[in-house]
Amino acid sequence: MKHCFLILFTLIVFTVVWSLEENEEYPDEDEMIESFMDGYSYRGDDGTCILKGDHCHGTCDCCGWTTTCRKSKSAGGKICKSEGSSISAFNAIAKGVAAMKKAKCKHKSG
């Protein structure tokens, strides 16, 4: 019985370490969104659209892609930061809705 526990424990530790190393190879979700938004501007024609990374005072919304206006020490003020649930299913639903809204938005190359 003792050997079974040790084998099971070793497998669990190995699996956790392997999954952590695997995730480091891929860019962070926020980095992917940021790089995508660097290439395209989803700002409205009147320039009222506020995106992630922009300085803000209140809300951050652009064609349904909503983020939160939060204080940032590194940026020297408040900037729009992404927001999400720790439960990935909720994130997938929220991002799907945002993508549908964003698809209706006019976009132009930045």
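Backbone N, Cα and C define each Cβ position, glycine as well.
When Swiss-Prot is consulted, the disulfide partner of Cys69, picked from Cys49, Cys56, Cys62, turns out to be Cys56.
Cα of Cys60 (disulfide bond) to Cα of Cys80 (disulfide bond): a distance of 6 Å. In the structure shown, the C-beta of Cys80 has more C-beta neighbours within 10 angstroms than that of any other entry among the disulfide-bonded residues Cys56, Cys69, Cys80.
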